Amino acid sequence: IAASQPSTNWHVKENARDHHTSKFSSRELIVRRGQAFVITFNGAEEAEQNLTFIVETGPKPSKQTRTQAIFGISSTVSKESWSAVLQSTSSNSVSISISSPPNAVIGRYKLSVQSDSSSSASLGTFVLLFNPWSSGDDVFMPSKAECEEYVLEEFGIIFAGNKNHISSFGWNFGQFQADILDICLSMLDRSLSYRQDPITDASHRNDPKYLGRVLSAMVNANDDQGVVLGNWSGNYEGGKSPSSWTGSGEILQSWKKSGFRPVRYGQCWVFAAVLTTVLRCLGIPTRTITNFSSAHDADGNLRVDEFYDASGNHLNRAADSIWNFHVWNESWFTRSDLGPSYSGWQILDATPQEESEGIYQCGPASRKAIKEGDVELDYDCPFVFAEVNADCMYWNYDTSTGKKTLIFSQSTTIGQAISTKAVGRDDRVDVTNDYKYEEGSKKERDIFKKARKKLGLEDKFDPTAPTQQEIEQKPDVSGKFKVAGPLQIGKDLDLILVLANLQSDAKTVHINMTAWSTVYTRRPVHGIWKDSISVTLSPKEEKQFPIKIPYTEYQQQLTTDNTIQVTALCHVEGGIQVLVQRDIALDNPTIDIQVLGEAKVNREVDVEVIFTNPIDTEVTDCVLQVEGSDLLRGILEIDVPPLKAGENSSTKFKLIPFEAGPKHLLVNFSCDKFANIKTFKMVNVTE
C-alpha cells in the first residue's frame, strides 16, 4: 500500500439502501450487523490477497472483548466472525465486501488496512447498528411491516387521559434527524456502567438486554445526569412543562447543547418517547405502551393503599399510588438468559419510579413472564406485574388519632385498556390480553396467587393488611358519579351523584364532597370545590344529586394535565363508609390543520391552522409550535395575536418537504387560558 493515505469510497448511498439506513442524514457510512457492505479504496498496488483489515471500537479494543477484529481476504463470508471478500480490482483500486457477525458489538468503528510490506493505514470510520432484518440477530423481527413501524417510523401516537376517556397525541421521535445518532452513542459513553468500567461496558454493547437496561437509566436524570429531569409537582418554573414537548429531537439536542445537563422537565410519556427514539435509532424495534389505572407499588406487596380523610380529601401520605395512565416501552429481542418462550416483547421503563439494583432503571421484563406470573425472572418483574395487577385498598385515615379503617378493596381496577399505536395506521390497538388473562377469571386469580407466593407474600403476616372481616363487610349504600354535560375546558363541569340504598330499611347518609385539580398521577394539587349534604334514603331508593362546578371556579386551579378528581365520602349511620370517586379528564378545544394544495418534494406548500376561542373572555400570549420529520427542519414557532371571545384565528405558514411518502405534521397551540392544544395531520408528499 502506498505510503500516502488511501482514499475510501464508502458507497454510502448503495450501502444505506441495502441496510435500511437511508433515512439517516449523515455522510458517514451507517450499516447493520450480520450483513455485508462494499467499500472501494485506492493505493493497494500489491497483491490484494495479502491485505489485512482491522476493525476496532470502544476505549481499548481487543480480541478478548470482541471490540477488535483482524481478518484477511477470504473466498466466502463467515457467519461467526468479521470477514472480507474481494469484489473487483482495477489498476489502482480495490473493492471489498466486508461482513460483520450478527452478534457484533454496535457503535462507531475505525477501519484500517495493511499489507505485508507496510504499516496499517486508516480507511476511516463507520457506525454499526442492530439488524432486525437479519435472522441471526437477537432483535430479528420476521415481519417487514413491523420493522418499518418499530425501527424506521419517526412518527408515533401516545395514548393518555383515563380509562373512561382515552385521548391521544402525536409525537415526532425524529431518530434520523441530524446529530441524533451521535447523541445516542454519547449517551452510552456517559452511563454509570461505562464510567465504572469502560472496557467491560463496551464489550456488552452487542446485547440488546444490556443496552436496554443501561438506556432506561440514562434517559432519566437521576443517578447519572441523564437526559430528562422528572417533575410531577404541577409547577414547572425553570423549565418547560412536560406537556409542551412534541418530539424527542429538541430534548436530545438541548441535552447535548447544554453540555449534557438534564433537560427540564419530563413525565412518563416524555421518558418513554425519548427511549423509543434512542432504541429505534440504534436498531432495536421499540414502541410506547400506555397502561390505564397504573399501579405504582412502592413497597412490593402487590397492593396499593390510598387514604382519605373524613371530609373526603385524597391524602398524599402513601408512597403507593394509582396513576390515571402510565407510559413505558416494549422492545423486541430474544432472552437467551431466560429461554425462548420469554423472547419477544420486553418491557423497559425509563420513568424514575423505584430503584433497581440501586439506580433508577427498569427492565427488560419479559412480557410473557408478566402474563404467567413468573415474577422471579430478571429484570424488575414484580414492579411491572404490580403496575398491571395490584389490588387496591381504600382507607379512611383519622388525621388526629392516626387510626385507619378500610373502606373497600378492589382487585379488578388496575391495568386496563393497555394501548399502543397500530402498525402502519394511526389507530389504537389494545394489548391488555398480552399482559394478563381475563380480569376476574379463575386463571387470572391463580396467576396473581402464584406471583404472591413467589414473592413470599402468602406466608408472611402483614400487619398493614386488612382483615378478612374488613374485606368481606358489605356496604348498605352504593354510589357513582355520572357525567351530565360536556367535559371541555371553558365549560362548567356538570355531574350527578347517584346514591342507592341497597337495604330494605331507610338509611341516613352524611356526604362530604370535594373536587381537586390533580396531575395525571392523581396527585392532588389545588382544592377547587367542596360541599356536604345529609340525606335519608327510603328502602331500595335511588336518588340523584346534581353538582355544578363552574369554569370560573376551576380555571385558575387546573394543571396542564386538565384533570380533576371528584370524591364523595358517604358516612352511613350505623353502617360502613362508602367512597364514591371519579377522575375527570377535560378536553382542550380543537384546532384544525389544512394543507392548501399538493405537497411535493422541494416545493413550497401553504399550511393553515385554524383556532376558535370558545370562551367568553379574550385569550392572550398565543403561540403556535410546528414540527414534523421530513417536512421541516427544527421547530417553527409563530406568535399569534390575542383572540376576543368567540373569535377565529387563521395562521398560515409555508413548508418545503424534503422527502416523499406519508409524513406527519404536529401542531401545538398554547395561550394564557389553554395549555398545549395538540393535533397532527398526515401529509402525503409526492416526488
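Yeah, the Cβs are placed from backbone N, Cα and C, and that goes for glycine too.
Nobody curates TrEMBL annotations by hand; they come from automatic prediction.
Predicted, not measured: the structure shown is a model, and the values here were computed from it.
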Among 1-21, 43-63, 337-357, TrEMBL lists region 'Disordered' at 1-21
Given the recorded positions Cys268, Asn389, Glu439, Glu444, and counting only Cβ atoms in the protein chains shown, which has the most within 10 Å of its Cβ?
Cys268
Using Cα-Cα distances with a 10 Å cut-off, which of the binding-site residues Asn389, Asp391, Glu439, Glu444 are near Cys268 (active site)?
none
Using a 10 Å radius on the Cβ of His326 (active site), the other Cβ atoms enclosed count 27
Of all the recorded positions given, Asp349, Asp391, which residue's CB has the most CB neighbours within 10 A?
Asp349
Whose Cβ lies within 8 Å of the mean position of the Cβ atoms of Asn389, Asp391, Glu439, Glu444, the Ca(2+) site, other than those residues?
Val388, Ser411, Thr412, Ile414, Gly415, Lys436, Gly440, Arg445, Phe448
Reduced to three DSSP states, the domain 'Transglutaminase-like' (260-352) has 18 helix, 41 strand, 34 coil
